[in-house]
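Novice: My questions will all concern the structure given below.
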Amino acid sequence: MEKAAGSPSVGGSYPQKNAEILSSQYGINLFLAGLLLTFAWAVHAVGISKSHLLSYLITLMLIQLLWMLWYLCRSCTQRRLIRDKDTHAGARWLKCGITLFAVITLILDSFKIGYYIDFSNCLSPTEGIFPVTHAVHTILQVYFLWCHAKDIIQSFKTLERFGVIHSVFTNLLLWTNGVLTESKHQLNEHKERLITLGFGNITIVLDDHAPQCNCTTTTLCSIFSQGIYYLYPFNIEYHILASTMLYVLWKNIGRQIEHHQQHKTPFKFHGITVGMGFGLIVLTSTIAIVVVYLIQIGRSKIKSELALTMFYLHAIFVLALMCTAGIVALLIYRLEDRSLDNSKNPARKLDAELLVGTAAGSWLLSWGSILAIICAQAHPKYTWYNLPYSVLVIIEKYIQNLFIIESIHREQEKVNDDIKTLRIVTISRGSTLSLTPSYKEIYNGRATRDSGEVPCLFRGSICGRENGGGAKEETSLENSSVMHSAPDFSFYSRNSVTTNKRRILKNIAAFLFLCNLSLWIPPAFGCRPEYDNGLEEIVFGFEPWIIVVNLAMPFSIFYRMHSAASLFEVNCKT
């Protein structure tokens, strides 16, 4: 009988499972084709130009625009229907973050349009069409994510799977294109810096994709060309955030949700002053270090070595503080006895997988630096600071990943039934029982006015009910101990300990949040000692090490931003 009842749902899941597999394979092939085009352009392959790559990206964006317009129109016609929503997906802070990155991306597109106008004599028309299409794509996509990131699609599921996965991999290809363009710019600067550090034996060949004509307005061209590369980090983060939000939407298609999902609590600054204070000190000092580094590096050998030493010492101090904070948080968790939430949650599962997956990028770079220090024959003084820095990078990510993943899987603390019905009981002479408003009512800012009924205290130890002007009470010898103040003090003591633990955890989450933002800034804006150190190039060879750095660095940068986003959520949840 159970088999017969269950068989329709099992059989009905096969078409949708096949649609999921087919759509994922479609997206992967879409991505691989674009990846090969990007690689071919990067290595100056014969017959492949930048216009071919941009034409492919423009086509993908136009297809996504058509799908989003169709979805929005269909949603408008069905706006009166009640739809299931995934409360864990598309958090408001995440939408605000992607909106900020999108606004800066639109500024980047306007710079690209200005750059094309100034060099229009020798640039392909696709280089002018691309930023215009990208700007329209950005505006509509942000609107789509604001309105529909939480949707659980239950109609046209096969078609929607292909539309959403197309959007996911379109954003991933745009992210790849941005990473490659920005990396090539950083690489050219890096090759010039190596000479100042005394690595003259490395062949310096600049990879130049600059237009082969003069600019119509020299000043504007300089502003546009320099400004574009400073804005690329925000464009890169925008596309990776969009792809993750769309991936959660894809995973939610056809999902049967549990209707007891918890609602997210809003972020509050109250009680996290210490963590925010220390975090802001780290953030301010990091910005200062980055500014000095970018000014000093490449000026002379002495200034470059001082810049690298300054960077390593500052990073070692910050990473040591982060490790300490993470260990304290994990010790607090070990002292608590709270169950984990193992319910199905695509957004939470993706967060955990991204944390571990993207951490592998910086782990790869750290192990490369450790091996280079061990194997190198000559060690300039500043390279020894790289050893504790690389070790701390590995340890810090271990600890932080464990803290974040456990935090997002912990069930939110629920108010105990005894606490909900707590009464502060005052016994005076005789049998008079004075009752003040309940703890829950005080917390909510109101007292019981209407019912006249007082619930039981500590599972029925004391029950009181008012009838008219009289009072009736039932007590026993066993329950009389509740009248004493000791249990009240015990409760408040336990409650105080819990509150203090929660406050410490919130301060740690706030501190780590700002520290991760701080550590995102240096590599995102060109402060990359993995490029400028020079020791790794000697041990592994220039080309192999640069390939490793270019592959791993984008994941390392994304890890910091994703960790900051996850820690923000942890702070709201704690």
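From the backbone N, Cα and C atoms, a Cβ is placed for every residue, glycine too.
Straight from TrEMBL, here's the annotation block:
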- 26-47: transmembrane segment (TRANSMEM)
- 53-72: transmembrane segment (TRANSMEM)
- 93-117: transmembrane segment (TRANSMEM)
- 129-146: transmembrane segment (TRANSMEM)
- 229-250: transmembrane segment (TRANSMEM)
- 271-295: transmembrane segment (TRANSMEM)
- 311-333: transmembrane segment (TRANSMEM)
- 354-379: transmembrane segment (TRANSMEM)
- 504-526: transmembrane segment (TRANSMEM)
- 538-559: transmembrane segment (TRANSMEM)
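Let's see these features in context: how buried, what's close, how far.
Specialist: Outside the transmembrane segment (26-47) by six or more residues, the chain places 53, 56-57, 60, 162, 165-166, 168-170, 172-173, 176-177, 180, 184 with a CB less than 8 A from a CB of the stretch.
Here the transmembrane segment (53-72) has long-range neighbours at 30, 33-34, 37-38, 41, 124, 126-127, 129-130, 133-134, 136-137, 140-141, 144, 147-148, 160, 163, 166-167, 170, 173-174, 177, meaning same-chain residues at least 6 beyond its ends whose C-beta is under 8 angstroms from one of its own.
Long-range contacts of the transmembrane segment (129-146) within the same chain, counting only residues at least 6 positions beyond its ends with a Cβ under 8 Å from a Cβ of the stretch, are 54, 57-58, 61-62, 64-65, 68-69, 71-72, 90, 95, 98-99, 102, 105-106, 108-110, 112-113, 116, 167, 174, 238, 242, 245-246.
Listed as Cβ neighbours of the transmembrane segment (311-333) (distance under 8 Å, sequence separation of 6 or more from its ends, same chain) are residues 278, 282, 285-286, 289, 293, 382, 385-386, 388-389, 392-393, 395-396, 399-400, 402-403, 406, 410, 501, 504-505, 508-509, 511-512, 515, 518-519, 522, 527, 529.
Only residues 6 or more beyond the boundaries of the transmembrane segment (538-559), in the same chain, are considered here, and those with a CB under 8 A from a CB of the stretch are 175, 179, 183, 187, 199, 202-203, 233, 236-237, 240, 354-355, 357-362, 364-365, 368, 371-372, 375-376, 397, 520, 523-524, 528, 530-531.
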